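Comments concern the structure below.
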Ligand SMILES: [Zn+2]
Ligand SMILES: [Zn+2]
């Protein structure tokens with residue numbers, strides 16, 4: 001009896017250790033994938049390929065204690081819903097402020113949109129108009145108008161799942177979505193015009209969170225995500241200024257532009 005109990009407890013302990021080992025390996029794999037996706041580990045040969053340095057740069061970007069290790073704060077931040085675009089350039093380091101990539105050389109811009117599953121089309125169209133207005137209020141030379149003619153549009157807004165293709169006639173997007181959570185949307189820099197939302201997310205106008213654990217019901221703010229993605233489509237990259245709309249992780253509630261966002265858009269269209 002004693003022997004069999006001992007064997008049982010040894011087996012059990014072995015399994016527990018194995019389970020924890022698997023979990024750590026999964027966390028490490030996910031973190032490496034994350035650091036590569038957001039360019040902390042560089043896609044170019046000349047950039048950074050050191051994992052510790054990549055973790056440190058990630059921690060600096062997100063204002064976390066810089067330990068160079070995959071600690072709890074770091075993994076927690078890596079699991080937050082966010083935009084799918086990279087955060088940093090080749091060397092992974094930069095000043096604390098906005099960054100830009102490209103611009104439009106005209107200021108009257110048209111957008112064409114298709115719709116997600118969560119709200120009426122009229123409601124989604126109102127939210128999108130409201131999102132564009134954030135940027136034209138900050139840089140009054142910008143004018144945005146909705147068009148039903150996709151061929152005349154500068155921006156093409158669409159919702160898709162996993163491997164997605166955007167509005168009809170658009171080629172397959174090279175960046176598949178990942179199901180509910182994590183990546184919510186992405187957009188292309190000027191003058192491409194594609195803005196893609198992950199249709200596996202649940203969207204409401206300003207997002208909500210209720211219940212807990214198994215019963216937790218969560219929705220993302222279509223308004224906040226749209227303002228952020230339009231920012232990319234106008235030429236703004238991710239900002240490492242916490243509180244800016246161009247910060248990579250998603251916010252709920254009614255968004256406001258930070259002075260960093262306003263400085264960024266005015267540097268392009270002021
Ligand atoms: Zn983004
Ligand atoms: Zn896409």
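Yeah, the Cβs are placed from backbone N, Cα and C, and that goes for glycine too.
Of the given residue ranges 81-88, 89-96, 97-104, 105-112, TrEMBL assigns the label motif 'Cysteine switch' to 81-88.
Looking only at the binding-site residues 118, 178, 201, the one with its C-alpha closest to residue 229 (active site) is 201. Fewest other C-beta atoms within 10 Å: among the binding-site residues 83, 179, 186, 201, that description fits 179. Sequence-distant neighbours of residue 232 (Zn(2+) 2 binding site) (same chain, 6+ residues apart, CB-CB distance under 8 A): 83, 85, 186, 187, 188, 189, 195.
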